[in-house]
Amino acid sequence: MEVVKLNLRSEKSTPLLREVARHVARAKRCIIITGAGISCSGGIPDFSSSDGLYSMIRTQYPGTFRSGKDLFDAGLLRTHESIKAFYLFMGVLKELIVNATPTATHFFIKKLADMKKLKRVYTQNIDNLEELVGLEVDWQLERVKHCQAQVVQLHGTMSKLRCSACTNNYSFVTQYCDVFKQGEAPNCPGCEKREDARIEQGRRPHTIGQLKPTVILYGDSHPKGLEICQIAAQDQDKADCLVIMGTSLRIPGVKALIKDFARAVHDREGYVILVNATDVVTKEWNGLIDYQIEGTCDEWVKLVDIELSNIERTTATRLLKSKSVETNNKEQEKKEKKKRRVEEPLDKKGKKTKVNIVKRIETKISNKELMETRERKKRRLSNESVEKRERNPRILKDKIIKKKERRPRNVKPIQADIKEKKTRVAKNKLFEKKTKRGPLT
Ligand SMILES: [Zn+2]
């Protein structure tokens, strides 16, 4: 399928442009791939094709580079002069970046992120303007599985400097710009400190590293290349829309990434849209890119922004409606509750109606009766238990044993006493008869 070419300034394209914008606004997990074209209006020229920057370098270091694009070619940084020219370029570029401001496109991307419609941005830009609008940029990409970075910097960043010896990272502050503009690279402060300590100890000196911008040049491999591939593979499983903005589709690595994303998005019946100031698509992109929109990115994002606002408005109205329905239902419920209370003479508070009083008395009487029955039952139960206990042979035996234990040992049983007494009386009588004397006791 051929790429449909639309022009932002052509009136014929307007209905289709609106439809494309509506589709982007409705997407839920949008992947955005950006190039130099989105930062131009912010004050950073497309240095790969910028004549101004290149002519300045050519004047100071003639014969070092043939074009602006060559400045980023690692293979050309071999001579002392070309390295000096490269450092000068880095110093000038950093000053441009410091004075640059985020564009309407950067703010649009942030809006998509805030509306939870952005999956991730893959940028070829090294200006770090995404961070200025509040997007999460993580150069280290330490977490791949749950990567927090909203922006993946495919070509590195000008916000950091890395030491060539100890590989420590430092912020690229403007104080370093003057050193770079002289065609030199600043020394690593960490290495210098370590060297001072070694000299004090009288040890052999080591080399001091130089700070270089963390920019990936053509021919260099990205130190986080593997992590980027893994993150992109994860994103491909979810993306439902791909928007390519401000890039001329020339870098092989980026082209491969776009093709992979385009196939994944088509599998989910999503659209692939390219926005660029000039016509850049060739037959190579047939079946991969659905629409090419010719015009500036800032102009195009305005169209999508209108659709986003429409969605926001519709959602807000729907929310309001559902809320009003909810409150109406609650009020209705309250009214019904009140009505029930009035109809029912017996509620929790108990209003003093005749019916209530009668009911209360009835309840009191029934309570009293209940108490009495309970009392009677209790008493009967206790009597029964006493009888049961008395009837129980084991309890009886225990009782006898206890009684025996209670009696003192020297005391004779009563029956024996009586018998003894009787015998004594009989003996006395017999003795009286024999002796005719009075009783002995
Ligand atoms: Zn160092």
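Every residue, even glycine, has its Cβ placed from backbone N, Cα and C.
According to TrEMBL:
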| type | residues | note |
| --- | --- | --- |
| DOMAIN | 10-323 | domain 'Deacetylase sirtuin-type' |
| ACT_SITE | H155 | active site, proton acceptor |
| BINDING | C163, C166, C188, C191 | Zn(2+) binding site |
| REGION | 325-349 | region 'Disordered' |
| COMPBIAS | 328-348 | compositional bias 'Basic and acidic residues' |
| COMPBIAS | 369-399 | compositional bias 'Basic and acidic residues' |
| REGION | 369-441 | region 'Disordered' |
| COMPBIAS | 400-410 | compositional bias 'Basic residues' |
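Structure coloured by features recorded in TrEMBL.
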residue: H155; record: active site, proton acceptor; DSSP (3 states): coil
residue: C163; record: Zn(2+) binding site; DSSP (3 states): strand
residue: C188; record: Zn(2+) binding site; DSSP (3 states): coil
| task | Measure from the Cβ of C188 (Zn(2+) binding site) and count the other Cβ atoms within 10 Å, all protein chains considered. | result | 24
| request: Could you check which of the recorded positions H155, C163, C166, C188, C191 have their CB within less than 6 A of ligand 1? | output: C163, C166, C188, C191
| request: Fill in the CA-CA distance, C188 (Zn(2+) binding site) to the residue listed as 'active site, proton acceptor', as an integer in Å. | output: 22
| Around the Zn(2+) site recorded as C163, C166, C188, C191, what other same-chain residues have a C-beta within 8 angstroms of the site's C-beta center? | S164, A165, T167, N168, N187, P189, G190, E192, R194, I208, G209, Q210, L211
| remark: Whole-Å Cα distance, C163 (Zn(2+) binding site) to H155 (active site, proton acceptor), is 18
